[in-house]
Protein chains: 4
Amino acid sequence: MSFNSFGRLFRFTTWGESHGPALGAVVDGCPPGIALSEEDIQPWLDKRRPGTNRFTTQRREPDQVRILSGVFEGKTTGTPISLMIENVDQRSKDYSNVALAYRPGHADYAYDAKYGFRDYRGGGRSSARETAARVAAGAVARAVIPQVRIRAWVESIGGDRIDYDAFEDAQIDANPFFCPDAAAAERWEAIVDSARKSGSSVGAVVACEATGVPAGWGAPLYAKLDSELASACMSINAVKGFEIGDGFAAAALTGEQNADPMRAGNGGPRFLANHAGGIAGGIATGQPVTMRVAFKPTSSILTPVDTITRTGEETQIATKGRHDPCVGIRGVPVVEAMVALVLADQALLHRGQCG
Amino acid sequence: MSFNSFGRLFRFTTWGESHGPALGAVVDGCPPGIALSEEDIQPWLDKRRPGTNRFTTQRREPDQVRILSGVFEGKTTGTPISLMIENVDQRSKDYSNVALAYRPGHADYAYDAKYGFRDYRGGGRSSARETAARVAAGAVARAVIPQVRIRAWVESIGGDRIDYDAFEDAQIDANPFFCPDAAAAERWEAIVDSARKSGSSVGAVVACEATGVPAGWGAPLYAKLDSELASACMSINAVKGFEIGDGFAAAALTGEQNADPMRAGNGGPRFLANHAGGIAGGIATGQPVTMRVAFKPTSSILTPVDTITRTGEETQIATKGRHDPCVGIRGVPVVEAMVALVLADQALLHRGQCG
Amino acid sequence: MSFNSFGRLFRFTTWGESHGPALGAVVDGCPPGIALSEEDIQPWLDKRRPGTNRFTTQRREPDQVRILSGVFEGKTTGTPISLMIENVDQRSKDYSNVALAYRPGHADYAYDAKYGFRDYRGGGRSSARETAARVAAGAVARAVIPQVRIRAWVESIGGDRIDYDAFEDAQIDANPFFCPDAAAAERWEAIVDSARKSGSSVGAVVACEATGVPAGWGAPLYAKLDSELASACMSINAVKGFEIGDGFAAAALTGEQNADPMRAGNGGPRFLANHAGGIAGGIATGQPVTMRVAFKPTSSILTPVDTITRTGEETQIATKGRHDPCVGIRGVPVVEAMVALVLADQALLHRGQCG
Amino acid sequence: MSFNSFGRLFRFTTWGESHGPALGAVVDGCPPGIALSEEDIQPWLDKRRPGTNRFTTQRREPDQVRILSGVFEGKTTGTPISLMIENVDQRSKDYSNVALAYRPGHADYAYDAKYGFRDYRGGGRSSARETAARVAAGAVARAVIPQVRIRAWVESIGGDRIDYDAFEDAQIDANPFFCPDAAAAERWEAIVDSARKSGSSVGAVVACEATGVPAGWGAPLYAKLDSELASACMSINAVKGFEIGDGFAAAALTGEQNADPMRAGNGGPRFLANHAGGIAGGIATGQPVTMRVAFKPTSSILTPVDTITRTGEETQIATKGRHDPCVGIRGVPVVEAMVALVLADQALLHRGQCG
């Protein structure tokens with residue numbers, strides 16, 4: 001199996017470069033008979049869309065999705081769903097500096113080392129623009145598992161963390177940071193503005209919760225639900241860490257502190273805690289599945305950084321252009337999409353193996 | 001593809017339960033002509049073997065591996081390598097309490113929810129005993145990539161962290177904690193002893209470094225080297241978090257702080273920092289690949305915890321028996337094995353696609 | 001792995017229905033640095049194109065391919081190659097009879113039984129129009145293995161077989177039947193014309209030979225070269241049989257008659273016969289790889305055939321419209337494409353595992 | 001995915017060489033709760049077992065299967081089922097001639113060309129002995145799809161074909177040839193005896209029918225039921241051809257002759273013919289799935305055949321030893337096993353995607 005595909009029964013393949021004519025995804029294995037139209041997909045793309053406020057890249061892409069196959073009379077047919085998004089604002093700027101020298105923190109050198117060759121325009125295939133295709137595919141995944149609610153938000157920016165006591169669900173979509181804590185959102189405005197103005201960038205942590213995941217989804221041993229989620233989230237550009245439940249904090253606890261006791265509930269146990277993040281032995285317990293994803297600061301900064309050219313000469317590079325000062329913000333809909341894609345796959349796998 | 005296999009070209013499948021007659025791994029896709037004998041595998045199993053000191057489970061297993069196929073006249077033939085380890089000390093104790101009530105933090109309830117049924121003896125398939133098969137397979141992987149050196153250690157136990165200024169490579173194998181800092185090892189003795197004596201448990205963080213990974217290994221987009229490593233490590237029992245390079249710490253940095261500048265080196269760049277952990281865009285840069293893995297405290301504790309029975313009645317359970325007070329310690333050789341397995345696979349994939 | 005993809009390292013996914021806006025293929029795993037443009041793909045599509053003579057369907061499709069990704073400055077980059085072909089002549093005719101009643105021999109009933117639902121316009125996803133995407137992908141495969149020459153022809157139509165003593169390579173492209181025997185081509189003109197005029201159809205056998213396949217390609221046991229070829233060819237619409245080498249004829253031979261003796265040759269054995277069709281134990285021997293593929297007669301015929309409606313009432317159906325009287329003819333470029341796709345994949349797999 | 005595995009959701013991996021200590025299969029993805037014991041598997045192995053009459057190899061193997069995992073209290077648990085068969089009669093004869101010279105028709109040269117190295121004892125991994133593992137796995141598959149009845153028989157030996165008017169189901173197990181026509185069985189006794197006595201061999205055609213396959217199993221486009229069956233059967237040692245339904249004969253028919261008309265039936269159509277072999281568009285129609293598999297004559301014959309040595313010198317080789325004079329006979333239980341394995345996989349896939 002090649003490498004631009006993800007999933008086993010519900011599987012998607014993405015294609016496209018930052019500055020090519022279009023990008024897209026083929027979603028294979030979607031069950032038949034599910035209502036689906038472009039209107040079901042577009043809102044998620046709009047959520048991720050660049051250029052909507054001053055805290056994201058100023059590249060202007062309408063990101064209009066077209067369904068080219070797999071839907072007939074408003075319903076999925078069980079055959080592959082081809083989704084295409086045209087690139088509109090791939091500004092024909094001068095890429096000669098990027099073509100010659102490697103941008104530290106970017107995949108430039110690594111791609112060259114692997115392929116001996118790369119499409120340097122806007123990062124080519126390694127551009128976060130590819131995540132638009134994931135978001136489109138993720139919208140299809142959501143339609144497959146309507147019983148599941150997936151919700152991500154930014155938990156910290158540049159080390160400044162929200163106060164969970166101030167968590168308001170409605171806040172998340174009320175500010176440009178997907179921030180559930182109104183006070184934190186105000187602080188972040190200053191942080192991100194400062195980074196933007198100085199041509200710098202900041203990192204962020206995105207948290208995500210999926211509720212309504214039935215106990216039993218997931219699969220030992222190498223398709224564990226947490227394994228799949230980790231793989232899915234680590235594949236997102238700029239992600240450097242993944243936690244399920246208490247994550248690294250659990251490593252500092254004792255067994256007593258980390259226990260999730262159970263009492264009798266309705267149609268299953270009622271858990272008194274959720275340190276585990278809703279997964280045991282790789283299988284969902286029915287509790288909310290909770291995770292956390294670390295995004296590094298955008299590598300594109302105005303400050304010149306030491307680097308070398310393709311021919312090995314020492315130089316410096318400053319990355320001008322239209323970049324997100326905090327790439328983690330737009331990571332929110334991407335994390336949600338990847339979680340949806342994993343869960344849709346696990347839903348089908350579970351039904352296949354345990355009927 | 002089913003779920004007890006891992007890898008694409010270099011692929012292994014494990015089988016076996018904690019209290020069955022044996023467990024094993026089938027390694028498929030190993031290149032031909034590699035010198036391999038049971039003596040190459042046994043030392044890694046011995047490193048993971050239980051019962052060697054008072055800080056691990058007292059189950060006594062010789063964990064002798066047998067090669068049943070795929071090796072002829074001392075060399076791999078390119079055909080599947082079947083590795084088998086017999087279970088010896090699967091003490092026939094009374095499992096009636098485990099059979100009836102779910103141990104919180106264990107996979108008991110989740111397996112029942114999934115399969116409607118489970119082998120409850122010693123955790124069955126969800127037991128960490130399965131990791132013996134991974135370690136055996138990992139030894140084969142190491143033989144495939146002799147240019148790579150993989151080294152893991154425990155970085156913290158119960159929140160007590162080593163001092164990296166005191167890091168001594170030789171210390172790692174000189175104490176029962178795989179601890180590179182002699183002073184920390186002394187402190188941990190007290191921490192783990194205390195947990196053991198009180199029937200409690202503690203969590204740990206394992207760090208791992210792979211040096212000698214050639215620039216270019218790894219593959220965009222859904223077989224990124226960091227994605228594969230995350231998936232591999234999250235599939236290990238008790239793991240709750242994974243970081244590559246600076247991981248979550250990177251989320252608090254600015255782009256300037258997180259940059260890995262490059263200067264001219266011998267046959268490739270010389271990097272001035274390694275925040276990225278040796279991976280950019282999912283592809284190795286040639287720097288050391290560094291990662292961190294969080295292990296929760298062992299869920300088996302003597303303190304009774306609220307739980308329910310299979311039929312939904314409320315009760316409490318205390319897990320007697322032979323358990324690791326800190327399962328992260330024996331996680332060290334398992335993390336190493338999984339990293340070796342991922343890298344061997346990536347080595348073959350890279351040769352196949354970019355050969 | 002889902003079901004509209006084929007291949008392991010060199011892998012393609014097709015999408016699109018007969019009467020949707022477009023169809024296409026995503027080719028993943030193509031090595032970098034290979035010269036590729038639309039001009040390399042178009043001739044193979046032209047060979048398969050409908051409407052070029054009276055012996056094929058009169059649907060008029062330009063079948064112009066566009067490369068949407070994966071190629072930069074005229075060379076493959078190693079990232080996915082998205083190929084798209086727009087549907088132009090999807091005549092908006094009245095499909096009400098096909099929507100209501102099942103065409104015997106078509107996939108109508110089977111799709112309904114599987115999905116409870118189908119895109120009935122022109123057969124939807126089950127239409128042979130999908131093979132255009134395979135031919136486009138196959139052209140990329142050919143570019144990956146320039147050392148291999150793949151050549152298919154029609155060996156018999158309606159039971160009338162060519163005389164291999166009259167085989168002329170140059171004839172194959174000189175008549176509308178891909179017939180290497182000029183005399184047979186004349187006879188077939190009458191046979192196919194008669195079928196066409198009476199609204200009937202005839203079956204055909206396509207033979208294919210791949211020369212230049214290096215000894216060693218192929219892989220035991222479940223990716224045997226012959227297994228992969230069989231799977232690839234049986235996936236083509238209307239195919240009902242597959243033979244490698246002597247095929248079914250070998251079942252009537254003795255071991256002596258079927259032997260392929262070897263003499264010393266240049267850099268490998270010189271074989272004195274090729275009953276095996278160039279494959280032993282699933283692995284290429286270096287001889288020409290020879291195979292034969294049976295195509296049933298097109299199921300769409302003017303003679304009314306007994307059938308039932310979706311609601312189970314008995315009726316009859318005659319399939320008007322634009323159909324190939326002998327679907328095997330246009331099967332020639334499709335068989336070639338599938339063989340190229342299998343061999344490109346095996347080339348990469350072999351390099352990956354055996355370096 | 002590596003190459004000694006087959007299947008997608010219901011997946012098995014085989015391992016072992018002809019003259020190693022044991023061979024086996026790991027069956028992954030078997031649903032939980034299915035009654036399974038060694039007694040369910042052994043009869044199928046006995047059917048394939050060598051040395052039971054003078055028409056098969058005289059190697060004496062008890063072929064006793066052991067279940068090492070995945071079954072608890074008599075039922076499958078959903079975890080991998082490890083099956084092991086020890087090799088007992090791997091006679092330590094002198095292999096020096098086979099080690100040095102290539103047996104034409106065998107995989108000797110091809111394995112050397114691929115791996116530069118091979119286990120020459122009894123054919124190593126390329127020996128038909130591996131099919132014992134498939135038969136064991138196939139028995140598990142049968143338990144997964146109890147609604148399906150799979151029945152194979154020998155249709156012709158050395159070109160001598162049964163008379164289908166004389167077909168008696170009960171005859172199949174009443175003679176050593178799995179021959180449903182008593183008169184043919186008598187003729188074959190002479191044919192196979194003659195081959196055996198003269199150290200020659202003969203080919204055979206095996207026919208197989210699966211009844212009870214529900215309409216809807218199978219999956220477009222590259223996991224078509226016929227594609228999967230072709231791949232599965234072509235992977236069996238000595239197989240050179242595969243047909244579904246009328247197979248190659250369909251290529252000589254007209255559309256009218258090849259039609260399978262439908263009338264109203266109980267809970268689905270009643271078909272008036274089955275030229276298609278129970279599959280349309282890769283999906284089962286509910287009719288019996290019928291196929292035919294061509295086995296070449298055993299390549300091991302006493303007549304010396306021209307060959308070369310590993311170092312390229314010309315010589316001759318005669319293959320003494322214990323061989324089946326007609327390898328197609330023992331192919332019957334192997335074909336049945338592969339068909340069961342494909343159908344079990346398709347059953348789970350269908351449930352997963354169309355649930």
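Placed from the backbone N, Cα and C atoms, the Cβ positions cover glycine too.
Just so it is clear, the model here is predicted, and its values are computed rather than measured.
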Exercise. Since TrEMBL lists D:R125, D:S126, D:S127, D:N237, D:A238, D:G281, D:K296, D:P297, D:T298, D:S299, D:S300 for FMN, which candidate among D:R149, D:R151, D:R322 does it give for that site as well?
Worked result: D:R322
For this session: Out of D:S127, D:T298, D:S300, give me whichever of these binding-site residues has the highest number of other Cβ atoms within 10 Å.
Result: D:T298
Problem set entry | binding-site residues compared (D:R48, D:R54, D:R125, D:K296) - the one with the fewest other Cβ atoms within 10 Å | D:R54
Problem set entry | Other CB atoms within 10 A, centred on D:A238 (FMN binding site) | 24
Exercise. Which of the three DSSP states, helix, strand or coil, fits D:S127 (FMN binding site)?
Worked result: coil
Exercise. Which of the binding-site residues D:R48, D:R54, D:R125, D:A238, D:K296, D:T298 have a Cβ less than 8 Å from any Cβ in chain C?
Worked result: D:R125, D:K296, D:T298
For this session: Grab the FMN binding residues from the record (D:R125, D:S126, D:S127, D:N237, D:A238, D:G281, D:K296, D:P297, D:T298, D:S299, D:S300, D:R322) and give me their largest CA-CA distance in Å.
Result: 43
For this session: Work out how many Å separate D:A238 (FMN binding site) and D:R54 (NADP(+) binding site) at their Cα atoms, rounded off.
Result: 20
Seminar exercise, completed: Chain B contacts from binding-site residues D:R48, D:R125, D:S127, D:T298, D:S300, C-beta within less than 8 angstroms, listed by sequence, come out as D:R125
For this session: Please report how many Å separate the Cα atom of D:R125 (FMN binding site) from that of D:R54 (NADP(+) binding site), as a whole number.
Result: 25
